[in-house]
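Below is one structure, written out as structure tokens; comments come after it.
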Amino acid sequence: MKSIFFFIAGFLLSVQLNAQTSIANLSDQKATKKTRNLYAFLSSVKAGQTMFGHQDDFLYGLDWKYNLKSDVEIISGNRPAIVGWDIGNLGHEVNIDSFRFDQIIKGIKYVYRKGGINTISWHMINPLTGGSSWDKEINISKILPGGSAHNAYTKKLDEFANFINKCRVGLFTNIPIIFRPFHEHNGDWFWWGKSHAKEEEYISLWRFTVDYLRNEKNLHNLIFVFSPDRSRMNLTMESYHYGYPGDDYVDIIGLDNYWDMGHPVNTKSPEEQLLDFINSIKLISQIARDKNKVSALTETGNDRITIPNWYTERLLEPLRSNDTDLAWVLVWRNASKQHYFVPDKGHVNEQDFIVFEQDSSTLFLNDIQNPYKKNK
């Protein structure tokens, strides 16, 4: 039923799509055809529908790994439209969560062939010390052009380019990737964060990174996402734009929001949190409209889904609010029985997730048609 609904909605939108894509242009003027088509598709998902994404969905689950299963499918019979991957620890055999990079590449290709969408985050190693993303012993100016550690940083970008170039099918098709670098920069937990990186340094780092990947590494299959953290910002335009590198360097207006979704440190009432969440997605929707960009809830979730009816009441209902048009929402990974964001069978919210999946306003993999093909 949802597929029929989406087909009709897509048909009704088709007369608007050319106008939309002529406005919501990618920042990369040399983007590949399939990348442009994907961005046009993302721009078209704005009519009361939102795609669902899950981090590492085809890589592992609560009781399996490396066999391309899906915890989302196990519980709902459908797979996520968007799959997130993290490439922290790039250059080694396994990523930041100890999963093999060759399996991540295999998964990215699998998602693409199935008609799904891939998004990558990067908990980058500290290029100055070799420590983790949480190692804040760094002076950003040293890795910028002219800095003493600039070559160490460009080597990290070279490793990234090598990884992206492996994400292809056939000889010539580079898989379009939604890339979310330096996320949650307004927080104080990463080396690129607000507490020790000046705003102008962060902007320079972002711009150099984009320019280097495009101009030096010839990567034109990347869609760039800007994603501050909700817990460190007010619900104002000014607060959101802290560190914003400019419209020529950003394609997706994103937000990581666990804060309003039942975060244990948030002392506001559930009703107040719900209102704040609605206002947060209204804010990024409005910013995206003003900039002729695409908006998305790039990370969210309630760890172990402890809140009854979280998916339908805390996530779905706000998505139906007026003045919101998110292309997708992505919940975090199912790492273990102690840390997961999609319920398993027998969970108190199992049926709630099924209702969420079956709702006509949520789009899973079976509900979307080839996002890399130009709509006519």
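Each Cβ is built from the backbone N, Cα and C atoms, and glycine gets one as well.
In TrEMBL, annotation is done automatically, which means it is predicted and not curated.
Per TrEMBL, the feature signal peptide maps to 1-19.
Residues or ranges marked as domain 'GH26' in TrEMBL: 33-366. The average pLDDT computed over the domain 'GH26' (33-366) stands at 97.
Long-range Cβ proximity for H123 (substrate binding site), meaning a same-chain Cβ under 8 A and a gap of 6 or more residues, is found for D86, G88, N89, I96, S132, S133, F190. The substrate binding site annotation in TrEMBL covers H123, W189, Y258.
Annotation source TrEMBL lists active site, proton donor at E184. Within its own chain, E184 (active site, proton donor) has F190, G193, S227, P228, D229, R232, D256 as residues 6 or more apart in sequence whose C-beta sits under 8 angstroms from its own.
DSSP classifies E299 (active site, nucleophile) as strand under the three-state reduction. As annotated by TrEMBL, active site, nucleophile applies to E299.
Cβ-based crowding with a 10 Å cutoff singles out Y258 as the top-ranked of the binding-site residues W189, Y258. As a whole number, the greatest separation of Cα atoms within the substrate-binding residue list H123, W189, Y258 is 18 Å.
Put simply, Y258 (substrate binding site) is 7 Å from E299 (active site, nucleophile) when counted between their Cα atoms.
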